[in-house]
Amino acid sequence: MCYAFDLPAVYMELDRWKVFSLLSPALRQKVRLACVFGTHGNEALLVTIDDEVFALGSNAHGCLGLGNNQQGTLFPQCVEQLCGKGIQSFTYGSGPHVLALTERGEVYSWGQNVYCELGHGASTPGLLPTMIGGFLSTLTVVEVACGNHHSIALTDCGQVFGWGENNCGQVGSGTTSNQCTPVRVTHSLLSRKVVSVACGQVSTHALLENGEVCSWGYNGNGQLGLGNSVVNQLVPAFVQGLSGVVITKLMCGLVHCLALTDEGELYGWGANSMGQLGTGHKTNSVTPIKVATNIGRVVDIAAHHYNNISAARTQHKVYMWGQCQGLTITTPVETPFTTLHEVFACFADVEVTYKPIQLEKKSSQSVADSLRLAFDDQNTSDLTISVGGKNIHVHKSILKIRCEYFRNMFKDHWPEDKKSILELKQFSYPVIKAFLQFLYTDELVIAPECALELLDLANAYCERQLKELCEQILKHGVNVENVATLYSTAITHQSEDLRKFCFNFILNHMTAVSQTAAFSSLDEHTFRELIVKAGEAGVFKT
């Protein structure tokens, strides 16, 4: 099995979502950000590459931000208050209300406001997007989340703020009084840095920098993961059931939660009447339990408080379980999809996006497709590269354009420029072929066991972009047994991002890593440097 990696940006067609079916081709080509929300998945917001914002759909409670709460629209209407603001993300409560986050860290809100979920100090409905002022406007917000009638914001320095309905403590203020303006969530979070937030319908979760999880709010189904289902939590409490693992991503469904570890393992807790935990049964769990253990290493997860559906992606496949179009699916089911968004578009009972869709437009020209077809085409090639007796048919001009190594090789005064067959011996056939295909397609298809050798090639040929993609593959394959080797490799190849990733992994699993053969095989200098850095990070404190 091979990994298939393309460039970091994500491209996804909007055709899966019915609400976008009447978009004009011209507008469709300009969309860079899109989200779908609403009780029936029939409201949407779009942001274009020109920084214009459009809304369409039913307009329940004025959630389109068009200045009225009556007339919906099948066709996009301009949301003037958000145009030119550099909108980076949206989130939406099922109340319903909407928040928009700008590139400057400002937060705009609109929609229903019975419980002050818009954060403006009063319960007046918001028919037009309005920036949340006060203390929050002096900070830089990097993430926003919504529950049913409450809102949460995370700042760039790791502080959490909440406002709105608070009958179960979901705002985290320590009381059950509704909060009309943003208030900082303290207690267990006071001296800790939060890196991500997520909301269930009436609960809130925070992921800390060190991989720990805190939760607060309604706990009737055990969705806080605190070991009980009878006590609401008015202030953040640590999820002790995740002790010993490092969480890197957290997602909340309606009344359940999913957490992904740095080793690609998946934990779930909370309600399970629809099979949304993926345990094979429908019994709730008040503490985190390992789930979806038979699908391989998980690299991404998805859930949303509108639904009882869960989804996960491995390197090769997308799985779903829970309430799938009215069916109760208690174990992960493999799908033909390539993105988690497709699960929610096609099988969620309420067809909403679990997070905004980021789109990258393909070139309107056919050059990319032509190059893709030209790779290894014997009919058009003017150069054959031979590796271990196997041939790859390429085009000298394309190699010269795309790669400095070949540009230097094919100069008039070098003999290689005159050859029609070129033999390469330094690297294996799968690695050379993956590299050449990457030059034609900007995509990397490589077996994981070849990634290290390809990293050697990328380093030798000074191919920075290829090097970054190799590092992605290696990071997704890091485990206790191989992390020391990858750490050493990262140092050798001056791959700082990979080195930091491996170092943090080692810190989080120091006892287990120190007992591996790879750790014992580290050269003296690398070993000594690693121990010093680990000491500076506080690993050996008692």
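Numbering starts at 1 and runs along the chain as it is shown here.
Cβ coordinates come from backbone N, Cα and C, glycine included.
Automatic, uncurated: that is what TrEMBL annotation is.
The annotation repeat 'RCC1' is assigned in TrEMBL to 51-104 (among others). Across the repeat 'RCC1' (51-104), the DSSP tally of helix, strand and coil residues reads 6 helix, 24 strand, 24 coil.
Residues or ranges marked as repeat 'RCC1' in TrEMBL: 105-157 (among others).
Under the heading repeat 'RCC1', TrEMBL lists 158-210 (among others).
The repeat 'RCC1' annotation in TrEMBL covers 211-263 (among others). Broken down by DSSP into helix, strand and coil, the repeat 'RCC1' (211-263) contains 3 helix, 23 strand, 27 coil.
What TrEMBL lists as repeat 'RCC1' is 264-314 (among others). In this model, the repeat 'RCC1' (264-314) carries an average pLDDT of 97.
Here TrEMBL flags 381-448 as domain 'BTB'.
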Three-state composition of the domain 'BTB' (381-448), taking helix and strand from DSSP: 31 helix, 16 strand, 21 coil
